[in-house]
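Here's the structure, in C-alpha cells; my notes come after.
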Amino acid sequence: MDQEMVTKETEKYIELPLLASRGVVVFPHMVIPLLVGREKSIEALEKAMVKDKEIIILSQKDEKIEDPDPEDLYTIGTIAEVKQLVKLPNGMLKVVVEGIKRARIIDFIEIDEYFEVRAEILDQTVPEVDLEMKALMKAVLNKFQEYIKYNRNLPSETIMTVTNIEEPARFSDTIASHLELKFRQEQDLLEAISIKERLNKLLEIIKDEIEILKVEQKIQKKVRKQVEKTQKEYYLREQLKAIKEELDEDEEDDEIEEYRNKAEELDLPEKIREKVDKEIEKLKKTPSMSPEATVIRNYLDCVLDLPWNKVREEKIDLDEAKNVLDSEHYGLEDVKERILEYLAVRKLAPQKKSPILCLIGAPGVGKTSLGRSIARALGRDFVRLSLGGVRDEAEIRGHRRTYIGSRPGRIINAMREAGSKNPVFLLDEVDKMSSDFRGDPAAALLEVLDPEQNNEFTDHYLELPFDLSKVLFVTTANVAYPIPAPLLDRMEVIELPGYTEDEKVEIALRHLIPRILNEHGLTEDEIHFSSNSIYRIIREYTREAGVRNLERKLAAITRKVSKEIVEGRGRQARVTTQSIEKYLGVPKFKYEKAQKKDRVGVATGMAYTQTGGDILDIEVAVVPGKGKLTLTGSLGDVMKESARAALSYIRSKQEELGLSDNFHEEYDLHVHVPKGATPKDGPSAGITIASAIASALTGQPVKGKYAMTGEVTLRGRVLPVGGIKTKIMAARRAGLKDIIMPEENKKDFEEIPVKIKKDIRVNFVNHMDQVLDLILGGDEDEN
C-alpha cells in the first residue's frame, strides 16, 4: 500500500465516499463481489477510483428503500478498498471490495450526486492477547470446526485458514464472514467493537447454528430414508408385475380373493354386488401402499360388514315377553301394554312396518333400560346411539368419500355393530340435538324414522340404499318441546311419569338392592334394608322422578357396611330409619308439609317439577293504594298473565263476593309465591291465585285441607293442566287428601294407581264459582 494510504490509516478520522449496501454486511479482511446499479453508488465508486480506491460501506436498515437518507443507514460500517471494477453493458458496475477497518460515521456531506462521510476509525489498536482471549478463541475455533462438519457448503480448507490467524480481530471477522447468518446477526457482530464481546457473540451464534443444522440434517435423513423405501417398494412391485406377465400368471392376491369370497357368501342384492365388484377391481389395479388403496379397503370392509340380508329370527311369546318386562321393570304399565300390543300385531301380521316409539320422561325413570328389555322380549339384537350434543348432519348421514378421513354415519355404524337387519335401535336423548352451519341432524333423522322412506336410507359414505324398515326404533327424551314438530310427528309418544314412593320402594327391593349387594360382594344376611328406611332415603336424601340417586344412596350405605365388615367391626347390619343418618349424614331435602290451617289470603297449589312435584303456597296481601298489582317470587310471563286473569275474574264477581264498587281503586294487591330463588311458570296455578285473591279481599279464610290445580279464564272456566299424577303424589306426601282439579282431567286421574286413589278425595270442577264455594264456605260437594 502506498505512503498516502499509510498516512491515512494512522489518522483517527477519515473522509471517504459512501456506498450504501442492501442486505449485505462487509467485514474487515473480507473480499466480496458487489453489483452496483444506483446512481449515487456509481458516482461514489467512480470518485473513489479517481482518488485512493477507498470507500465506506454502510448497510441500509430497510433494504426496500431505493434512495436512502442518512437516518436510513446504520452508523457503523466498514472502510473498504476497491480491488476491481467492471462496467456492464446495462450500465451497472460489478466491483470486488476488501474490508479494511470498522468505522463509526460522525457526519454526512452531500456532494453533487453522492454522499461523503466523515468517520472515526475504530480498529486502531491491537488488543493484548491474554488467557481469557486465548480461551475464547479456542472455544470459537472448536465450535467452528463442528459447524463445518454439518455445513457441507464450506470447504474443509477453511478451517486451516482460520487456524493460522493469531490476531483476535481478524480471527473473529474471518469466521463471521464464513458463517451463513441473518443480516441482523451480521450487523450486530460488525457493531461489536470490543473483541471479547465479539468473540462471545460469535460463540453463541455458532452454537445456535449448529443446533439448527443438526435438526435439518435429521429431517433430511428421515425424508431420504422414506424416499429410498418408497422407491425400493415401487421397484420390487414393478419387478413382480413383470415376472407375472412373463410367466403368463393372472393370479389374484389373497386380499382380493378374500373380498370376492366374502361378497359371494353374503348373497348381496344385485345393485350392491355390482358396486362391490367395481370397487374390488379398482383395488386390484391400485398400488397396495397408496392412500387410495386404503380408502377402498375401508369402504369394502364397511359394505361387507353390514347385515344386508341377515335377519334375527323372532320368537314371539306374549307370556314370556310380559315376564321379561315385569322382571326388569316395576310399574310402567302403559309402556308395557303398548309393547305387548305391538308383539300381538307382529305375530298376526309379520310384514307390518314397525312403529317408532318415543319414550318421554324425567332422568332415571328407566327409558334406556326399557329399550334393552324390549330387545330381550323380542329376541332381537340391541344397539344404542346417543344423540346428545350432536350438531352435524354428517354424524347421521356420513361424509362423502371425496373427503380425507371420511367415514359412514353413526346410523350405518350402529347397524354394522348390531350384526342383524332387524335390531331394536335405541336413539337416546333426541331432545338434546342442535344445529349449526354444518346442517341439522334432526332433519337427517326424518328419513331414518319415516317408515315410508327408510327402506332406502342412503348414507353419503356408502352411496348405496340400506333397508332400515325392519328396525324397531325406540327414541328417548326428557321433554318433548325441543324436538322439531316434523320429527315428533313420525313418532308415537309414550310418557313415562315419575315413580310414586311406593313404586320406588318396590324397585329398590326387587332390583336395586339385589344388584348392589352382588356388585359389593355382600349377601342379604349381611345387610338388610327395612321398607321404612327406604321411604326415608327417598323423602329426605333424594329429590327426583326416577331412581338414580336412590341407587347411589343405597350403594353409599352398602360401601360403608362393607368397610365395617372388612375392619371386623360387625358381621351384619340392619338399616333402619334411625340408622340412616349414621351412613348418609343429615337429611339433604325436606318436602313442603301442608299446614292445614284455614288462613286468609293463602291458598295451597300443586306444582309439577322434573324431580317429583311439590305443593306451593300462594300468598296475597291487600294494602291501601291505587289498584296496583305486584307479583313476586321469580314468576315467568305465563304465570304473571295467569295472575292478571285471576284478578280480572275476581273483579267481575265483586257483587257476589260483597266487594265495594271501587275496591280496585282503593287497594293494592301483592301476590307472592314463596321460594323466590326458584323460577316458576305455567298457567296451572290460576285457580289457586284466584282463590287467594278472593280470600284476601273478602277476609274469609281458605280451608287449609285443600290443594288445587287448574287454569282459570276471564269468564271463570277451569281448564285442564298437565302433570296430574306427579301433583297428586306431592299433595299426598304433604299430608293433603282433599284435591281440587279440572273436570277435564278425570281421564288423567283414572291412570293413577288404585292405592293412591284410596287415600285421597278429589273434587272435579269446571268453573271458578265451584272452587270458591268449596274453599270459602258453603256445603262441600265431595266426589
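Placement of Cβ uses the backbone N, Cα and C atoms for every residue, glycine included.
Summarising the annotation, Swiss-Prot assigns domain 'Lon N-terminal' to 16-210 and lists sequence analysis as the type of evidence.
LYS367 (ATP binding site) falls within a helical segment according to DSSP. As annotated by Swiss-Prot, ATP binding site applies to GLY361, ALA362, PRO363, GLY364, VAL365, GLY366, LYS367, THR368, with the evidence given as sequence analysis.
As annotated by Swiss-Prot, domain 'Lon proteolytic' applies to 597-778.
In the three-state DSSP classification, SER684 (active site) falls within coil. Non-local neighbourhood of SER684 (active site): GLY605, MET606, ALA607, TYR608, THR709, GLY710, GLU711, VAL721, GLY722, GLY723, each in the same chain, at least six residues away, with C-beta under 8 Å from its C-beta. Under the heading active site, Swiss-Prot lists SER684 (among others).
Swiss-Prot lists LYS727 (among others) with the feature active site. Neighbours of LYS727 (active site), defined as other CB atoms within 10 A of its CB across all chains, total 28. A helical conformation is recorded for LYS727 (active site) in the three-state DSSP classification.
In this structure, the binding-site residues under consideration are PRO363, GLY364, and the one with the smallest number of other Cβ atoms within 10 Å of its Cβ is PRO363.
The DSSP secondary structure for ALA362 (ATP binding site) is coil.
Other than GLY361, ALA362, PRO363, GLY364, VAL365, GLY366, LYS367, THR368, the residues of this chain whose Cβ falls within 8 Å of the Cβ centroid of the ATP site are, in sequence order, LEU359, THR476, ASN478, LEU496, ALA545, GLY546. Across the fold, the C-alpha of LYS727 (active site) and the C-alpha of ALA362 (ATP binding site) stand 15 Å from each other.
Between the listed binding-site residues, namely ALA362, VAL365, the fewest other CB atoms within 10 angstroms of a CB are found at ALA362.
There are 24 other Cβ atoms within 10 Å of the Cβ belonging to GLY366 (ATP binding site).
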